[in-house]
Protein chains: 2
Amino acid sequence: MAPQTLSTVEEYKKLVDSVEVFLLDCDGVIYHGPQVVPGVKEVLKYLRSIGKRILFVTNNASKSRRMYKSTFDKLGIEVSENEIFGSAYASAVYMSKILQFPKDKRVYVIGQAGLEEELDAVGIAHAGGSDPEDRVFIDQGDYSSVVADPSIGAVLCGFDAYINYKKYSKAYTYLKDNEGCHFLLTNQDATFPTNGTTYPGSGAMSAPLVFASKRTPTIIGKPNKIMMDAIIAEHHFDPAKALMVGDNLSTDIEFGLGSGVRTLLVFGGVTKREQVFGDNASETVPDFVMESLGDLAVLAKEK
Amino acid sequence: MAPQTLSTVEEYKKLVDSVEVFLLDCDGVIYHGPQVVPGVKEVLKYLRSIGKRILFVTNNASKSRRMYKSTFDKLGIEVSENEIFGSAYASAVYMSKILQFPKDKRVYVIGQAGLEEELDAVGIAHAGGSDPEDRVFIDQGDYSSVVADPSIGAVLCGFDAYINYKKYSKAYTYLKDNEGCHFLLTNQDATFPTNGTTYPGSGAMSAPLVFASKRTPTIIGKPNKIMMDAIIAEHHFDPAKALMVGDNLSTDIEFGLGSGVRTLLVFGGVTKREQVFGDNASETVPDFVMESLGDLAVLAKEK
């Protein structure tokens, strides 16, 4: 079944009328790197003016909500921190509210300050992460700094530009030796787009731990339902009244389809038209497609 | 079908008589870390005295043949460099003799000096590896040092204690952007044993590149037949007259089984008795098992 293409004011209006909560992917929907997608500012203002709720749902695990707000501020887009739901915060909410991670244990973090900030926000103690002692190279054969630590009750892996063998060895050791040690990934994106190309993403970063430990991690970010459970645990809405808007079939659209939320794919991001229409179309079919979220700006003018 | 257990002098003698070339795994067969397995020195001397050929076949990609010889020297085991066949040298031989890697291209190395030394030995130009410029951390978002390099015609990934995001990003970029770029792994060991425990191995190290590039690499080391092809390309023997001796079912024994070489599993390394005998035995069945290669020392005394 092909998705419904939206291109007229009537089609836009009918969709918007049926949605109470807009779940918006960021990169590829709201902005492309430093460029805001044309019309999107007007659309956000319009949706708010008619009482819609907006949540920004992103897999980027290196930023906290505070950091995201600062990014949005710089782009001239008004948001409040509690409208932002990144996989770093989702991981913290999952560990705190759903996993009920014990207060006397610590999580070993492969990740950056944004992830630590969100763990701090929910009161989960952590090790690793941005600790300078773990941002070092160790010589082959010198494992003296990789020692047992029974206080570690989970390993949480996100994006870490300072990834190194000491971090991998420590995380692997905890996963192997600490009984009941949880294994969590913020998300499993193979790559992420920037500068008009792509680089290895959080999913690539965590691959050595999965490969070496032979364990199956719990994955938080889109397309996993855990992300939606964490969003709803915080924001309490009826999935049937929500719409997930994204540019990525395998994260955004799968995410909506797997959690009872309707989906709108926009072009101009990572998905090409032939992945949705035609003989070689993906098996992942969004409910709706349109060129750009910015196209809804016409509704503001009609108003 | 269960393997044949060898435990008497007659059984040992019959096997040795039928073998011309002994392919010996090192760690777990010849030594455990700094300890030579009891009896093994006598066995090596005996096998040589009766005209048998011996080749040391190891997946460890961080050492060159020269480095291995130095390790053997320190253990008081007499070997010549051309009796040693590690996955670093096998990768170099494969690239040079089988792949016929062009002289005007370079291979981007994730690996250490031993791997570079073996590439030098066969005249293959390389980048990355132990270059201090690639042994650094880069900040997230600063990809200015990750630039196109059309001279790179292959990415070769082995064990690298100095693995970092710059190396992953460069290797991924070449795999993605350089047309016809080969993708090779020295081996795919998930872990390696040392200090009575294990740490993430070369297979874990290469996992981000496999995950991000979605490409299928050519894997050189045991259990892959490429390793045997490279050994035979150098040493010219009839596989039917060879015996692979190892302690690991999934590397050593699979290696022999997949390349027409008989296999002898020794205990005392990574494999436990219940993985070979009983209801939950592995589907990988060696031809022969014995306690230790050192047990053959009894033949020297009989002589």
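Even glycines carry a Cβ here, placed using N, Cα and C.
If you check TrEMBL, you get these features:
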ACT_SITE  B:ASP25  active site, nucleophile
BINDING   B:ASP25, B:ASP27, B:ASP247  Mg(2+) binding site
ACT_SITE  B:ASP27  active site, proton donor
BINDING   B:LYS222  substrate binding site
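Taking the features listed in TrEMBL, we show where each one sits on the structure.
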residue: B:ASP25; record: active site, nucleophile; Cβ neighbours (10 Å): 24
residue: B:ASP27; record: Mg(2+) binding site; Cβ neighbours (10 Å): 19
residue: B:LYS222; record: substrate binding site; Cβ neighbours (10 Å): 31
residue: B:ASP247; record: Mg(2+) binding site; Cβ neighbours (10 Å): 24
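Ranked by Cα separation from the residue listed as 'substrate binding site', the recorded positions B:ASP25, B:ASP27, B:ASP247 are led by B:ASP25.
Sequence-ordered, the extra residues of this chain that approach the Mg(2+) site, with Cβ no more than 8 Å from the Cβ center of B:ASP25, B:ASP27, B:ASP247, are B:CYS26, B:GLY28, B:VAL29, B:ILE30, B:THR58, B:GLY246, B:ASN248, B:ASP252, B:GLY269, B:VAL270. Here B:ASP25 (active site, nucleophile) is positioned 8 angstrom away from B:ASP247 (Mg(2+) binding site), judged by their C-alpha atoms.
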